[in-house]
Amino acid sequence: MSRPQFDPSAYAAQLEDKKSRLAGLLAPFAAPAPEIFESPREHYRLRAEFRLWRETGNEKRHYAMFEQGDKHTPILIEDFPIASRRINELMPRLKAAWADPALGFKLFQVEFLTTLAGDALITLCYHRPIDDAWRQAAEKLAAELGVNLVGRSRGKRIVVGRDYVEEELSVAGRRFRYRQPEGAFTQPNGEVNQKMLGWAYEALGQRDDDLLELYCGNGNFTLPLATRVRKVLATEISKSSVNAALANLADNAVDNVSLVRLSAEELTQALNEVRPFRRLADIDLKSYAFGNVFVDPPRAGMDPDTCELTRRFERILYISCNPETLAQNIAQLHDTHRISRCALFDQFPYTHHMESGVLLERR
């Protein structure tokens with residue numbers, strides 16, 4: 001990852017710029033003014049990734065990051081104020097552990113994953129095979145730091161403790177527990193994610209029909225939204241995310257969700273009866289009374305066929321990490337659906353990136 005520019009004094013102006021940019025992109029569709037959900041100014045990022053950089057002429061190593069497009073000029077990191085307090089507390093303690101050759105030899109990358117609930121997992125990546133000597137040293141370190149550890153080298157992965165962290169998020173007075181796996185996507189800004197879940201929960205409202213969810217990930221939105229509808233059909237293509245979502249549904253006793261490992265494009269084919277899928281053999285698609293669809297697509301947005309699929313629903317709840325592709329998708333749907341609510345979630349302070357949400361309702 002590249003190092004964001006950290007300047008809390010500039011936060012308000014940067015957020016205003018994002019608000020203006022989103023409002024401008026949605027203006028052709030007569031969107032209401034966006035609701036704004038701010039981020040904490042510091043210690044908001046729950047994960048961080050650092051390369052290790054060795055000083056020329058000695059063995060001293062540092063956490064390092066690079067400006068985008070420049071992989072040769074390191075920015076040496078002693079602390080990282082945008083990262084969670086837990087990450088900042090762990091950084092020097094982990095650095096001291098590099099003195100043990102069993103842990104430090106040919107270590108080239110470190111990844112931290114933490115939660116608002118206080119859990120932490122550290123992944124150590126090596127340019128050498130790791131073995132039982134590494135495991136023994138890692139078990140001691142994990143106990144000292146109170147973390148889970150994962151070691152990675154070519155073709156090998158050793159887990160000390162758990163290979164996931166445990167998160168708790170509160171939505172509308174109910175607490176939901178999440179397993180967030182190492183290496184899988186999770187929302188980086190926990191406080192803003194919690195606000196985003198609350199907005200989506202409120203925007204959907206209480207319904208007596210069913211919800212289709214595309215790109216469900218580890219069930220981040222699935223859990224609270226499932227309490228708003230009769231039942232949910234959710235899709236996700238990543239195997240690790242599917243497994244995490246199934247565990248999260250079970251841990252929270254959410255029993256009205258069916259989850260299938262299909263891409264959005266494949267589900268479109270299934271709903272249009274273009275072709276059958278074995279993974280849908282136990283699911284009766286005709287038993288669903290879909291009135292709502294929730295989408296949280298990748299940066300490329302929805303492909304035209306998937307976008308066309310969403311047109312058949314009364315309500316389209318759309319979370320986007322790219323406002324440009326969001327606007328492109330809305331342009332395709334604008335003749336049948338209007339924007340009734342929109343929001344800006346500042347997941348990524350001090351960068352140009354933004355998360356946004358819209359509720360589209362049939363005209």
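Cβ atoms here come from the backbone N, Cα and C positions, even for glycine.
Matching Asp131, Asp132, Asp296, Asp303 to the S-adenosyl-L-methionine binding residues that Swiss-Prot gives (Gln187, Tyr215, Asn220, Glu236) identifies Asp296. For Cys321 (active site, nucleophile), the binding-site residues whose C-alpha atoms fall inside a 10 Å radius of its own C-alpha are Asp296, out of Gln187, Tyr215, Asp296. Cβ neighbour count within 10 Å across all protein chains ranks Asn220 highest among the binding-site residues Gln187, Asn220.
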